[in-house]
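Record features (TrEMBL):
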ACT_SITE  D101  active site, charge relay system
ACT_SITE  H143  active site, charge relay system
ACT_SITE  S467  active site, charge relay system
DOMAIN    867-1146  domain 'Autotransporter'
SIGNAL    1-27  signal peptide
Amino acid sequence: MKYHRSDRRIVRSLLAAALLSSSGLVAVPAAAQTAAPAVPPPPAGGYYMADGTRTADYNAALESWRTDAQFSVDYTKRYLGLEYAYVLGLTGAGQTIGINDSGVLPNHPLFQGAGKLTGLRTVVPAAYGNDGIVNPRRPWEIHGTHVAGTAAGARIAGERMFGNAFGANIVSVTANFAAGDFLWWKDQILDGTTVSTPRDNIIDAANTGIVRIVNNSWGSGTSLPYTATLAQAKAAFAQNLNGFYDPVLANDVLVVFSAGNGGGVHASIDAVTPLNDMRLRSNWLSVANYRANGTAAPSTSFCGQTATWCVAGPGSSVISGVNLYTVNTAAIRAKYTPAMFAGIYSATTVAALNNAATNAWINVLVGYLTRKDAAEAAGVEFDEARERTFAAQQAVAISLAYGSRFVGGDPNGYTSTLANILTANVGLLTRGFSESVLVQADALITAELRNFISYGGPGYGALTGTSMAAPNVSGFAALLMEWFPEYNTGLISDILVSSSLDLDAAGVDLKSGWGAPQMGVALAGPTALRETRTVDVATGTVDLWTNDIQDARDRYSPEVLAGFPDDIGGLTKRGGGELILAGDNSYSGATRVEQGTLTVNGSLIRSALTAAGGGTIGGTGRLSSLAVASGGTVSPGAAGAIGTLNVSGAAVFTSGGQYLVDVGPNGASDRLVAGRAELGGTLTLRQAAGTLPRFGDAYTVLTTTDGGVTGTFANATSISAILFPELRYGANSVGVRVAARPYASVVAATPVQTAYASLLDNNRAAYSSLAGIYSGLDLASVDTIRGTLESLAPRAETTRRAIGTVALDNMARFYRERLASLRTDSFAGGSVAMIGKPLEFAANEIAMPGRASQVSDSPSTMMAEGVLPETVSAYLAGGYIDGSAAPMLGAMPAGGRDRFDGFYIVGGLEGQLGGNGVLGFGLSYSDIDGDRVMNQQARGELIQGTLYGKIGATVGASLDAQFSAGVYQSNVRRSGTFVGNAYDFYGRDDAFTLSTEVGASYNLGSEAFTFGPRAAIRASRIEFGKVAEQGGGGPALTIDGEKFDSFQLRGGVQARGNASGFRPFASAYVVHDLEDRPGVFRAGFLGGTPARAFFPTSSQDQTWGEVGGGIAFGSERFEFSIAADTTIERDDVRNQSYRAGVTVRF
């Protein structure tokens, strides 16, 4: 948007007379007189010292900055308390400040470094300043360089100073001011050539997308008293903006304006812009100039009706970067003498000086018109060209003489006023005259200033004015934006202005507005809010506001309050992070939490607080009222910690809201204490840090003091798959007891899970004894519970039973074959037979425990004759056992068969009874180890004595019998993890065993070969005792004892041969077990109730086959034999034995 010429303000950068020579620093900054802010936590690595080192000493770090030469070059940084930002490492990094000014000196050291300075190209004629550089027709211009250096000049060792936000970048936008430039008036006013105005520059800077702050210092242009009413100010500064500054709002840019140097008048130029569009107020700052002692500089304009967005910045004798130059005022005065311009040189005030210069110029123009009229009246030729040249010479002379009156000389002189008079009176002077005079004056003053000005290059100088105060505040704002990177400009502005130290009349007044901004206060959040502000806190970030926050209007003086009575604050919390309010807050607008967490550890005594969808309210403070909307959550205290949140009024939970309660040990829990409570929504318990809710725990989670409790929570969120809160309502309270649902309701229908679920559900009464089991498992998920219980399957118990069965069956088979081999009619007495290598097996077992025994056993016989009576013989035997058993039924994951192997040793005596009978007695030891399967293992040892005998002939009928009794010593071990805890259980049992078999056979054939059937009945029993698992870390079991019986019918054939030393032998049986065992065992929890559950073992075969055979070959004194036997079609227990041996007879 472009403005009509009549709307334009005449812009001057001339600083008020004598201000360059104003006094230096005075005492201590007013900022230092406030109470010290609370010590913030140090950044990682410690607080930042001015010399770049780090320290844990906060006060030492502050002092290092205050005594730093660059920091203390003038009073500005101490006045604003910037040391409080610097010790935290804040530099303005990541921020970009737009300097909308007269251009900068790009080769100044303050602007060096990659990305430090960028120039913005604007729409201006080629001869103008652009790309952030000074107008080439005004090379003496230092204003922009000084302003840019103050706001964000780099911190470089050896330089004299650094900018307030020395880590920020700068975008320089050249404002081609009318001051000092005659041609601007020709191009812009007479010709209408497009020259981007300073206002256009604000929009261009905002639209870059990187500029967050635009600093502006355009001078003064009003005589309106600062005490003017709001209506008077609006009338005086009325403009039709038509949304011109909308890009400022769209890009969330902060526009900072100097109030002007009107010497006590109202702030002017565009500092007052929000009076025409109040939407801009949150994005606008007006800055007055105050000195080190907290008093107003004589030259400053005051805030007036900009007070609610106005502060008092430091702007007197501010040292910053400049392009050094010297104006030879003596030479100017020598050429343009007091005799020529007596009024200019005799003036003693700026007003008198302005009047004198204006009158001198008007006299020149009146003289021109008079002479021109006289020539026309006389009919003589009028030398127009000479007159125009003379007028141009006089314009230059007046401007230079005027500028020479200021300390140090002002090259801008009085050009703006002189040119304005020319262009405003074109109708009287003619366009040709005004245009010619402007062009010639520009050429002449350029030539003259080359003679009167000498340049010294980049350096430093002291300037005074609101132009110096504004960039100090812009740098301050950049530091705040770095500290609060997610905050919008409106909130940053509220924090900045409300941090201020009150300077003049009490409260926000018409002179200094809010007062002097204080960084130490601002870093702790706002102290007042002008409207409801959105607070964004990024996920994973915690922002702490310790200040007491009030409505802005409560800080206003009566004069300001009259114009802005509705400035009340409120907060809308967004972003996934946490905002902590630790102060006693009295703002009266609504507070709404839409995302993340708002923790109130102080108070909200006037604001209605609402947790909306996605928002959480916590803390231990005091609230006036509380509403929990659908999707909102209230959780007193901090997350994972116990706390009480107090509400003086009503706490209302609507449908869809949640009350999240942290619970700890010994009944400790979060609590909401309210005047009255209206309940709805959902209650959820959450474990506090380091604690676990347990079955039976009870808590009081809500109490009321006045109006009681109405309604109920619609839902109570389960703590886990098992635990859930059971709510109990009283007239003035809500209690919670942790209850448990059955494990049977969550496990899968597998035998193991079902058994454990039964034990868990029936042992709740013994919770205190079994807390180690329940405390972790009760909190687990369904999948974890199922997986954990399945992994606890006592698989080794099945293997233990199988090993016992194999050990008994193997010894029965040994004696069965021993009986079959006895020849009652040719008994070999007086000998000792060694069958196999029993000593070798025993030696292997002793020497190498855990190693599988070698398969080198032998039933063939080595005899020592004549060592016993002729009617008695003795033997030693040994063998190797190998087999497998069906695994535990239904256990998951389903593994393969349970493997086992071992050995046995047998010794016995046999004696002849009459002519056709033999009676024997043997002692045996069997040792069988199961393989380790899924971290479980079983082992069994059978020690047994057996009485056996046989009667009958070798060919023909015979009867045999055996009776065994012994003890089966078994061990089981299982280990693993239970809900994160390692367990290792082991158990032992000594079971009494019985086994008996009675058989009848009829052999056909001769001495060379016999063959015939055999039938038998066999009964056995293992009386398993109670096994109490030892160890810890999980649910140890007590396994009940039981009688493991078998009653078998056996039928088959057996054959033996003997021809020329070649002796084959074989047998085959069909076995049917009449005993139908249940296939389960009973177990309970060790230390629990008597409750028992049934765990499966393996399947049971009722009918199977057994075959065996071997061959022996040798002479009378030497014999070699091999043999083997196995089960057929038996799945519950498969076993084989292998024997090989040598027999030597003596």
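Including glycine, each Cβ sits where the backbone N, Cα and C put it.
Keep in mind that what you see is a predicted model, and the values were worked out from it rather than measured.
Within 10 Å of the C-beta of S467 (active site, charge relay system) there are 28 other C-beta atoms, taking all protein chains into account. Recorded residues H143 (active site, charge relay system) and D101 (active site, charge relay system) have their alpha carbons 7 Å apart, per Cα-Cα distance. Counting in whole angstrom, D101 (active site, charge relay system) lies 10 from S467 (active site, charge relay system) by their C-alpha atoms.
The active-site residues under consideration are D101, H143. Their Cβ neighbour counts within 10 Å are lowest for H143.
According to DSSP, H143 (active site, charge relay system) sits within a helical segment. Over the domain 'Autotransporter' (867-1146) the predicted model carries a mean pLDDT of 89.
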